[in-house]
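Trainee: Right, I'll just put the structure down here and ask away after.
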Amino acid sequence: MKNITILGATGSIGTQTLDVIRKGNEELKLVAISANKSYKKVIEIIKEFKPKYAVLMEENAFKIVEDFCVDSKIDTKVLKGMEGMIYISTLEEINTVVTSVVGMIGLVPTIKAIESGKDIALANKETLVVAGELVISKAKEHNVNILPVDSEHGAIFQCLRGNKKEEVKNIIVTASGGPFRGKKKEELIDVKPEHALKHPKWNMGRKISIDSATLMNKGLEVIEAHFLFGVDYENIKVVVHPQSIVHSMVEYKDGSVIAQMATPDMKLPIQYALNYPNRKESQIEPLDFYKISNLTFEKPDMDTFLPLKLAYEAGKKGGVMPAILNGANEVAVDLFLKGKIEFLQIGDLLQECMNKFYKSMEATLENVISVDKEVREYLGKKYDI
């Protein structure tokens, strides 16, 4: 029996993780959850799974859920805020913490969970992007597994198993290309949020959908891959693969390329991470090669999709530069969704902040949090948010 905490239980990954646990043949037990303010969803989760703990970040949502548990005589203990997230991430009985919250908010609870010896099923890209060196070193120190919960890194993880790191030539990260694959800059001038949110293959949250449209999502994954697998940026390639059947590949020095293929369904990497090192009966539709008919691969357009190019630059620069990139992107995506900037301005803001805020300093937790705050305050004042 594995005891699970889910940080971000009401989002896209969190919801699919619940589905995996639901069908987990009683080998997976949900002990604790966190959410921002989706109290209705939290109450439904409490009714079904009866977790010992539930954490809400927003005050009003916390009170509503707490009152529900008291009135319903349910034993779930309701906690609030970052302190609550850290508490449920470090519980002695927990085996694995699923970090599926979006953004920098996942960083501190993840580090605390690692320090408490918990395996991390990592769906929060920002944690490794802004503090990858710190996270990986702590994971090694505490003998903790960092298990990637996304299709690309989950695929790479599987393609590397049983092989020697020194035999790897390139890691090849596949990208669907998002809703604007094949478009040129001039065709993206009038893009609205509703257009960018329509992903052709994956059902995702709003922030990650915009990141997919700008290819920033793939840029963040490149930085993640660098830290997760210890591979230089020159040896991490991005290939656009619109069918989303090949989830990523590893090229070895002898010319062999090992690919992981499956029906595009996030439940597979979630199930693999939660049950690692074992494989369980599939919860997804089997791959039918007769229906696929063809698989295509293209080179990404880094001039049109500037954020991908900037992610490579930020990763190579190192230090706090990935934190600057990430902080600026989180704010820029929010500004775009609120109609305060145009789609193509997202990349421009990233470039502006990278030029303005870069300092040659180590990516310690304190430095990362400090520079992230500077970037957010600057953009907040600039756009009056």
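Glycine is treated like the rest: Cβ placed from N, Cα and C.
Annotation comment: Swiss-Prot describes Thr10, Gly11, Ser12, Ile13, Lys37, Asn124, Glu126, Gly205 as NADPH binding site, evidence class sequence analysis. Taken from Swiss-Prot, the feature 1-deoxy-D-xylulose 5-phosphate binding site covers Lys125, Ser151, Glu152, Ser176, His199, Ser212, Asn217, Lys218, Glu221. Per Swiss-Prot, Mn(2+) binding site is recorded for Asp150, Glu152, Glu221, and the stated evidence type is sequence analysis.
Mind running through what each feature is packed against?
Mentor: The Cβ of Gly11 (NADPH binding site) lies under 8 Å from the Cβ of Ser100, Val101, Val102, Gly205, each of these being in the same chain and 6 or more residues away along the sequence.
For Lys125 (1-deoxy-D-xylulose 5-phosphate binding site), other Cβ atoms within 10 Å of its Cβ number 25.
Residues near Glu152 (1-deoxy-D-xylulose 5-phosphate binding site) in space but far in sequence (CB under 8 A, at least 6 apart, same chain), listed by position: Val173, Thr174, Glu221, Ala225, His247, Ser248. The DSSP secondary structure for Glu152 (1-deoxy-D-xylulose 5-phosphate binding site) is helix.
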Trainee: What is the separation, in Å, between the Cα atoms of His199 (1-deoxy-D-xylulose 5-phosphate binding site) and Lys37 (NADPH binding site)?
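Mentor: With distance taken Cα to Cα, Lys37 (NADPH binding site) is 25 Å from His199 (1-deoxy-D-xylulose 5-phosphate binding site).
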Trainee: Is it possible to get the count of other C-beta atoms within 10 angstroms of the C-beta of Asp150 (Mn(2+) binding site)?
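Mentor: The answer is 24.
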Trainee: Excluding Asp150, Glu152, Glu221, which residues of the same chain place their Cβ within 8 Å of the centroid of the Cβ atoms of the recorded Mn(2+) site?
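Mentor: Apart from the listed residues, the neighbours are Lys125, Pro148, Ser151, His153, Gly154, Val173, Asn217, Lys218, Glu224, Ala225, Ser248.
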Trainee: Based on Cα distances to Asp150 (Mn(2+) binding site), point out the closest of the binding-site residues Thr10, Ser12, Ile13, Glu126, Asn217.
Mentor: Ile13
Trainee: Using DSSP and collapsing to three states, where does Glu126 (NADPH binding site) fall: helix, strand or coil?
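Mentor: Helix, per DSSP.
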Trainee: Sorry to bug you, but what's the C-alpha spacing from Ser12 (NADPH binding site) to Lys125 (1-deoxy-D-xylulose 5-phosphate binding site), rounded to the closest Å?
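Mentor: Cα of Lys125 (1-deoxy-D-xylulose 5-phosphate binding site) to Cα of Ser12 (NADPH binding site) measures 14 Å after rounding.
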Trainee: Who sits close to Thr10 (NADPH binding site): which same-chain residues at least 6 apart have their Cβ under 8 Å from its Cβ?
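Mentor: The answer is Ala35, Asn36, Ser38, Lys41, Val42, Ile45.
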